[in-house]
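Contents: one structure, followed by commentary.
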Amino acid sequence: MHPMLNIAIRAARKAGNHIAKSLENAEKIQTTQKGSNDFVTNVDKEAEAIIVSTIKSSYPEHCIIAEEGGLIEGKDKEVQWIIDPLDGTTNFVKGFPHFAVSIAVRFRGKTEVACVYDPMTNELFTAQRGAGAQLNNARIRVQPIKDLQGAVLATAFPFKQKQHSESFMKILSAMFVECADFRRTGSAALDLCYLAANRVDGYFELGLKPWDMAAGELIAREAGAIVTDFAGGTDYMQSGNIVASSPRGVKAILQHIRENGNSAILK
């Protein structure tokens, strides 16, 4: 196993255990609003501190991009850890048990290792570039689909980007006619992992941040998924718009986005 993946797993488990334990004293969870429909709790910050100190004790010179703390500069500019200490904060605040710790390591702009840990189910999704994806050490692969007939698609409503709501609803309506069902779970990291593990057949979302998807997208790709932006390119880390499925699934989802999306989201 890649030594950095080892540290990522250690950090994710430590943070995840802290998050799960904090639910036992729910009255001590303090929530503040960062922006429109965007929440942060003291537990997010505590989990992030646990992850950062675990990384720094092994790799003090690496850079870290963290959801709550922003960029933590390091001497080694080539390595970046991208962390989301609690992906699915709204679920966590509501006591809805679906959230995860997400950690990815990028080297010279390419994601090398990734792990996503769900402390409520004790499921650990991992990937290393070129070496496949695993769920609790067992190999996972995406099952190809021919089209959207019978497909279950994961997505999320653009609550933080309501200017795109009309466009999004048109896309959703077009897919609704074709696919079997939608899943809207509240964690982008787990949506991508669930795609990798065949629990859903495809995934699309707009307006994400790099830490929402950095780990999940490598896990999905290493499980055999194609991952693109809304224009069919690979600029999703910049645009924040992502589509993931097997090749024909991506083609079908992109077609609906192109036909129904406004020009502002076709990137």
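Cβ atoms here come from the backbone N, Cα and C positions, even for glycine.
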Given that Swiss-Prot annotates Asp84, Leu86 as Mg(2+)-binding, name the residue from Glu67, Glu68, Glu73, Glu78 that shares the site. Glu67
Among Glu67, Asp84, Asp212, the most crowded of the binding-site residues [Cβ within 10 Å]: Asp84
Looking only at Cβ atoms, how many others are within 10 Å of the one on Thr89 (substrate binding site)? 22
Any idea what DSSP makes of Asp84 (Mg(2+) binding site), helix, strand or coil? strand
Rank the binding-site residues Leu86, Asp87, Gly88, Arg183 by the number of other Cβ atoms within 10 Å of each Cβ, and give the residue at the low end. Arg183
